[in-house]
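Trainee: For reference, the structure I am asking about is given below.
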């Protein structure tokens with residue numbers, strides 16, 4: 001007697017055995033042998049999930065009581081799941097006729113015909129398509145609301161993990177209001193797929209004469225907003241793809257918007273398939289390109305919806321559909337990954353940046369907080385950055401050494417655990433080998449200034465073990481260096497070297513730190529870096545916006561200091577607590593973050609510069625700044641904020657950059673900064689947006705304040721609130 005379950009029947013036994021054999025043997029998937037090709041196909045069968053949507057064409061007698069058999073047959077055709085009407089097909093495909101006696105059939109989809117775990121894993125419950133809560137007929141709208149609630153309740157009863165609801169209108173405020181209340185107030189966490197029509201012209205309320213600036217994306221974005229912008233983990237969108245692709249699914253800048261949305265699935269209509277060379281079902285190239293472009297992860301789902309009854313008399317067509325769909329996308333996600341295997345020198349190999357995708361990180365504040373060994377260790381993995389620093393030091397030594405001098409005094413300001421110190425001493429050797437052969441060597445006299453007492457332990461060890469006691473180590477805040485140097489009789493520097501930059505350039509207070517040593521410098525002292533500039537670019541990312549807004553503070557972390565001006569204090573119970581008078585959500589949204597951006601798109605082709613600082617600052621120029629940066633929007637979108645970058649001129653033409661167009665190849669020391677808005681701002685094609693940003697300074701710290709002004713094409717202006725006033729949420733202490 002067989003011990004196989006329904007789940008096992010989704011794939012033939014031999015496939016599972018082949019997969020187990022491959023996994024146990026540990027064989028490489030790179031072989032091009034026929035057996036490996038078969039294995040890759042079977043791996044795609046389990047890795048890429050293709051579902052079948054039950055339609056009127058599937059209706060058979062007592063189908064609602066034979067769901068297990070229906071699913072098992074689909075499994076034989078390589079379908080991993082089914083999208084099935086939650087009330088059953090009899091109820092789902094009922095046709096209202098306007099009669100008062102005409103009532104929809106009751107929900108009649110018995111739960112005991114499948115194990116609970118199979119309902120959860122293999123069935124997506126679809127809301128009956130006749131339900132229209134936004135109908136112009138008040139009675140039918142009310143009836144629809146009543147039965148939508150019944151079907152939502154039954155989804156919870158069955159314990160389904162996912163449900164689908166198909167929008168048939170451009171505007172569905174009443175449907176959104178019902179869903180909004182349900183998802184926000186019920187303790188039920190199923191995922192909602194909001195299925196869009198294949199084209200805006202398919203909407204019941206479409207009117208070519210009155211509809212302007214509306215497309216499929218705006219239908220989704222408005223519905224998402226009307227549902228309270230619920231978490232994209234549980235509230236997602238499904239695109240319907242038919243034979244005719246609308247312009248917004250062929251024009252790249254419009255297609256890209258879906259990369260910034262919680263895209264869950266593609267509903268593929270069978271009518272788009274064509275006959276291939278051998279007569280098998282094939283997908284047109286335009287549709288393949290669309291799927292590949294949006295296939296950012298194998299967690300996406302594809303659903304086949306039959307629009308013709310071909311599958312009833314062509315028994316192989318179902319398999320051909322699923323095979324063609326898997327073939328279209330099976331290698332996309334793998335090909336897009338960088339090769340970081342054996343022999344690769346890609347920096348991402350050892351930093352594992354993939355783990356940081358879309359993870360929010362607070363910018364470091366090394367001036368007010370001492371870094372730990374693990375942070376230093378992470379920095380030190382990026383050899384490319386240190387190599388470029390070495391190149392800059394060699395360039396400066398070449399210029400200074402041209403007069404034949406024997407000694408150059410270098411101060412490393414902020415030594416950390418010493419990697420730049422090591423690079424400076426190697427640069428001395430490189431300079432002498434290149435430019436002083438047959439002459440007296442140039443000697444670097446190196447001082448390292450570091451305020452972190454813990455890192456001083458490492459620096460002293462390095463001085464004995466690696467640097468042969470050549471370095472003078474000064475344990476001090478660099479801003480105290482002029483006084484210390486005067487007391488101890490230290491020489492003035494010919495070169496100062498520092499690495500004090502954050503993801504937005506000056507946001508780790510490099511200007512304030514370096515200004516503190518200006519009085520100790522010679523008029524000819526070279527600073528490495530000489531100049532740095534921050535840049536911004538508007539971005540769209542529903543995921544990042546929701547992630548920032550949803551942050552919460554665990555009870556045991558409630559006294560951890562905020563990133564703002566406020567400090568922890570004792571409450572009435574003598575317990576330490578960090579208070580947020582501005583509110584937790586506003587506190588979250590009024591900060592700058594560091595993020596390895598993935599689920600986002602830029603809304604401008606190029607960045608624009610913001611703040612520039614040059615060193616040494618002999619003119620004692622103020623470090624306060626104010627700027628207005630304007631961008632013209634080229635599509636309808638939701639602006640969530642700005643990505644921030646910087647570049648720095650280390651010495652003359654030697655540069656480091658994370659600005660996208662000039663990014664230093666292979667360097668991963670800095671991820672982009674994100675400057676969020678409190679709420680996503682809807683922008684239209686042709687709108688002008690201006691980021692107004694100030695860098696403010698007082699006696700104890702530095703902060704940014706920012707807001708956006710939007711000018712629409714009709715001249716109407718909108719301004720967002722000023723964020724982070726007086727540094728209440730994000731304050732960089734000096």
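Positions of Cβ are set from backbone N, Cα and C atoms, glycine also.
Just so it is clear, the model here is predicted, and its values are computed rather than measured.
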Trainee: Which of 355, 450, 491 shares the S-adenosyl-L-methionine site with 376, 385, 386, 477, 478 per Swiss-Prot?
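Mentor: That S-adenosyl-L-methionine site, as Swiss-Prot gives it, pairs 376, 385, 386, 477, 478 with 450.
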Trainee: Could you tell me which of the ranges 1-39, 391-429 is annotated in Swiss-Prot as region 'Disordered'?
Mentor: 1-39
Trainee: Going by DSSP, how much of the region 'Dimerization' (541-589) is helix, how much is strand and how much is coil, in residues?
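Mentor: Summed by class, the stretch gives 17 helix, 4 strand, 28 coil.
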Trainee: List, in sequence order, the same-chain residues at least six positions removed whose CB sits under 8 Å from that of residue 450 (S-adenosyl-L-methionine binding site)?
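Mentor: Set apart from residue 450 (S-adenosyl-L-methionine binding site) by at least 6 residues yet with Cβ under 8 Å, we have 414, 415, 416, 456, 459, 473, 474, 475, 476.
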Trainee: Identify which of the binding-site residues 477, 499 has its Cβ surrounded by the largest number of other Cβ atoms within 10 Å, counting every protein chain shown.
Mentor: 499
Trainee: Rounded to an integer, what is the Cα-Cα distance in Å between residue 376 (S-adenosyl-L-methionine binding site) and residue 499 (protein binding site)?
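Mentor: Checking the Cα atoms of residue 376 (S-adenosyl-L-methionine binding site) and residue 499 (protein binding site) gives a distance of 12 Å.
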Trainee: Around residue 385 (S-adenosyl-L-methionine binding site), which residues of its chain at least 6 apart sit with Cβ under 8 Å of its Cβ?
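Mentor: Looking at Cβ-Cβ distances below 8 Å from residue 385 (S-adenosyl-L-methionine binding site), excluding near sequence neighbours, one finds 499, 656, 664, 667, 669.
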Trainee: Sorry to bug you, but what's the C-alpha spacing from residue 477 (S-adenosyl-L-methionine binding site) to residue 508 (protein binding site), rounded to the closest Å?
Mentor: 14
Trainee: Hey, does DSSP put residue 450 (S-adenosyl-L-methionine binding site) in a helix, a strand, or just coil?
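Mentor: In the DSSP reduction, residue 450 (S-adenosyl-L-methionine binding site) maps to strand.
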Trainee: Quick check: with 379, 499, 508 left out, which same-chain residues have Cβ atoms within 8 Å of the centroid of the protein site Cβ atoms?
Mentor: 364, 366, 414, 416, 500, 501, 502, 669
Trainee: Please give the maximum pairwise Cα distance, in Å and rounded to a whole number, for the protein-binding set 379, 499, 508.
Mentor: 15
